[in-house]
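Following: one structure in structure tokens, then a few remarks.
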Ligand code: GLU
């Protein structure tokens, strides 16, 4: 977004000039936490007076992320001639500086890119990886029961080899015009100068206070003086600035074969804890780091109403499940002779819920980082047409819905193959989307697993380590049914992250992604169906009340749960549970190479996100 002042001055061949410095001016109410806080001294924070705008239309390129400081970083890059990949990496690094509990150097993610030059969608698999020593029962007690989940979360044992630095470097090398040195400079500045703490960040810190205080290096940054930095005050992280500088000057190699890696391995294998605290040690070695790769992979692909839907293949289940949900909606149309766009909201959510439950049954049974995942079958319309035989337009199926048989033979029989139980899944993560004026688009979802990851900051380097390995199932979910998501050596835990690009006639139409653990799949599918099947403008599709049905109790935001829609769904047999917020989506609708609508969350979800375009209309 062009603003009267350049808010974050960025890297160009001319180098960095100065950042906008805006002191916090609003006086806090006398009994607020910030009123009692000591003033922290240091350089002024970066760009926090930027407005949070959920929808913006215009030309020149677009960015949608969870945070205006981060979106502005991407916009500045686009404005100075950088492309979508440059802006996506720089925005991701900036998000990791202003929302460090959701993603960062110590985590992983999936980068999905469309190149206007080649007309191709490609993905980078930057998922965290298990140590070579991992076994199927690594998260089990000696009697075979699952270890206590939170004990594993707050430990070295849940830390996988981070994939994010390798992803940034590979993305820039393959698609970008900037170096890692240039792209990480704004994030380094944010980490050093700090950002002004808002209510969401304050609450996240408070929620993590107990576990952060287990690790002195974490407490030193996020609990200075023993308490969270209050709302309106500045959170700085000079150690994180040092880490960005190290990556800028030594490349991702510093993490995989250099001194950042040495520090990481030391910490994971022997976490530095507060007096009296012990946590399980991790197994990562320097050899595991050196062996890490963030490979380019073909995306999943399916057709939906004349559009091509591209997503992330394994180890994510996102691409497969989003496609299956959309395919099932189409199958339900064929079976009922009705169109999704003509349904009432409650009817639509019934259809959506049934499709999601079926897709999750299949995902839990068949998808993981294992050979032979039937991706092509699960994303085929023929399979969905067979699978939809269970659908009843008047009545919710009993949960759990059985999984199907994606065996390539879809003669019309209705042969559910069995059921498997639901695995435990948490949520946090962040997702951003970028489009440039050359027609490239990126959607990038990145994470350290739960808010605050493992809770462990690598001493001296300021970044939180992931707890991504808790995305493995600790024990087989259902006796006698193969579980594709058990731990294994060098294996990547199954993800739900669903960065999705929809093309029309080979050019970008809609780009979307969201955090939210396993609700990511339903949120992204709801955004895509909102635009394509329901005909909503992208901003409305992102803002629409959400329902997340994952083959168990269904979760619904208040607008669905509490009103007439909830009553209609319950009357059909749906069992709903209230969940105040589901997902935190970002999306861009591309109309041409010079007209975009960027969309992020309205304030009702985690304080809202930030949509920007270079030249607003
Ligand atoms: N670890 C989750 C996954 O990969 C993402 C974290 C989240 O959004 O909760 O699916």
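Every residue, even glycine, has its Cβ placed from backbone N, Cα and C.
Annotations in TrEMBL come from automatic prediction, not curation.
The record from TrEMBL ties 127, 495, 496, 517 to L-glutamate, and of the options 86, 143, 148, 471 it ties 471 to that site too.
Feature annotation (TrEMBL): of 410-431, 432-453, 476-497, 520-541, the stretch labelled region 'Disordered' is 476-497. In TrEMBL, the feature region 'Disordered' is placed on 25-47, out of the ranges 25-47, 48-70.
Secondary structure at residue 495 (L-glutamate binding site), taken from DSSP and collapsed to helix, strand or coil, is strand. If you measure from the Cα atom of residue 495 (L-glutamate binding site) to that of residue 429 (active site, nucleophile), you get 11 Å. Sequence-distant neighbours of residue 429 (active site, nucleophile) (same chain, six or more apart, CB under 8 Å from its CB) are 102, 103, 109, 445, 446, 447, 449, 497, 515, 516, 517, 520, listed in sequence order. In this structure, the binding-site residues under consideration are 127, 495, 496, 517, and the one with the smallest number of other Cβ atoms within 10 Å of its Cβ is 517. Across the residues the record lists as binding L-glutamate (127, 471, 495, 496, 517), the two Cα atoms farthest apart are 14 Å from each other. Summarising the environment of residue 471 (L-glutamate binding site), the number of other Cβ atoms within 10 Å of its Cβ, over all protein chains shown, is 28.
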